[in-house]
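> Taken from TrEMBL, the feature substrate binding site applies to Ser9, His67, Gly143, Phe144, Gly145, Gly146, Asp176, Gly177, Gly178, Gly198, Ser199. Residues or ranges marked as divalent metal cation binding site by TrEMBL: His34, Asp36, His67, Asp176. Positions annotated as active site, proton acceptor by TrEMBL: Asp36. According to TrEMBL, the feature active site, proton donor maps to Asp176.
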Amino acid sequence: MKNTLIAPSVLAADFANLQRDIEMINQSQADWFHIDIMDGVFVPNISFGMPVLDSIRKHAQKPLDVHLMIIDPDRYIKTFAQLGASVLTVHYEACTHLHRTLQAIKAEGMLAGVALNPHTSVGLLEDVIRDIDLVCLMSVNPGFGGQSFIENTYSKVAKLKEMIVKHNAPSRIEIDGGVTQHNAAQLVAAGADVLVAGSFIFNASQPIETIAQLKALPTP
Ligand SMILES: O=C(CO)[C@H](O)[C@H](O)COP(=O)(O)O
């Protein structure tokens, strides 16, 4: 029985004490570091770029799950491979030739992810789902941490899980945005494999225990 992977979003970390927060995640039961790269064009925020990720990589003791919220992500596939990304996720809405982009990510030895904005239907992935290692369902409108969870996500998870089973696809389902103790169990029950959480973890009084609680959720 697969257990749920927990990927704390570094976007919510204290950037004045980033090494401290990275060490905390290293000591926790978290599985991945979720890295949100934002360009201020695809989303109305600019997060951080290659120099910060290079510093994170030097201290992170868990795989880097890199989420590109940028236009034309093909430009940077090799760069993020060199920066140590284990998973590289691009937005469906930012790709003209998604199948080719997925092939390019895999050619660099990374797992290939596709993220869908809240308004984007999972059905649009049907012809490429077998080539996707991770589908990231945005449960907030991308760009900022600390937003409220979009309730329609539950039904999207169920639809996506049905498609993955129908096509015998390798895809994991990742949920990104507004994940807390109020929705995590229902998301896992609906078929989520990976939970991204930023503010729920980094704003917690005891973040390591908060991660342990997410990790202990029963899986279907
Ligand atoms: O992709 C993101 C925003 O675009 C963040 O990863 C996501 O919002 C997680 O942060 P939080 O758990 O605080 O919502």
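Glycine is no exception: its Cβ is also placed from the backbone N, Cα and C atoms.
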> For Asp176 (substrate binding site), which residues in the same chain are close in space, meaning a Cβ under 8 Å from its Cβ, but six or more apart along the sequence?
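Same-chain residues close to Asp176 (substrate binding site) (Cβ under 8 Å, separated by 6 or more) are Ser9, His34, His67, Ala115, Cys136, Leu137, Met138, Ser139, Val140, Val196.
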> Looking at the binding-site residues Ser9, Ser199, which sits with the largest number of other Cβ atoms within 10 Å of its Cβ?
Ser9
> Can you name the residues of this chain that are 6 or more positions from Gly178 (substrate binding site) yet have a C-beta less than 8 Å from its C-beta?
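For Gly178 (substrate binding site), the qualifying residues are Ser139, Val140, Gln147, Ser148, Phe149, Ile150.
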> Secondary structure at His34 (divalent metal cation binding site) (DSSP, helix/strand/coil)?
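The residue in question, His34 (divalent metal cation binding site), is strand (DSSP, three-state).
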> Please list, in sequence order, the residues in the chain of Gly143 (substrate binding site) that are at least six apart in sequence and whose C-beta is under 8 Å away from its C-beta.
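Within the chain, Gly143 (substrate binding site) has Cβ neighbours under 8 Å at Met38, Val43, Pro44, Asn45, Met69.
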> Write down the Cα-Cα distance for Gly145 (substrate binding site) and Asp36 (divalent metal cation binding site), rounded and given in Å.
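Asp36 (divalent metal cation binding site) and Gly145 (substrate binding site) have their Cα atoms 10 Å apart.
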> Whole number in angstrom, please: the longest C-alpha to C-alpha distance across Ser9, His67, Gly143, Phe144, Gly145, Gly146, Asp176, Gly177, Gly178, Gly198, Ser199 for substrate.
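Greatest Cα separation within the listed binding residues comes to 17 Å.
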> According to DSSP, does Ser199 (substrate binding site) fall in a helix, a strand, or coil?
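Assignment for Ser199 (substrate binding site) reads helix.
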> Look up Gly145 (substrate binding site) in the DSSP assignment and reduce it to helix, strand or coil.
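The residue in question, Gly145 (substrate binding site), is coil (DSSP, three-state).
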> Are there any residues at least 6 positions away along the chain from Gly145 (substrate binding site) with a Cβ closer than 8 Å to its Cβ? List them or say none.
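For Gly145 (substrate binding site), the qualifying residues are Ser9, Leu11, Ala12, Asp36, Gly198, Ser199.
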> Around the divalent metal cation site (His34, Asp36, His67, Asp176), what further same-chain residues have their C-beta within 8 angstroms of the site's C-beta centre?
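My list of surrounding residues reads Ala7, Ser9, Leu11, Ile35, Asp65, Val66, Met69, Thr89, Cys136, Val196, Gly198.
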> In DSSP terms, helix, strand or coil for Ser9 (substrate binding site)?
strand
> Check Asp176 (substrate binding site) against DSSP and tell me helix, strand or coil, would you?
strand
> Would you mind checking how many other C-beta atoms are within 10 angstroms of the C-beta on Asp36 (divalent metal cation binding site)?
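Around Asp36 (divalent metal cation binding site), other Cβ atoms within 10 Å: 25.
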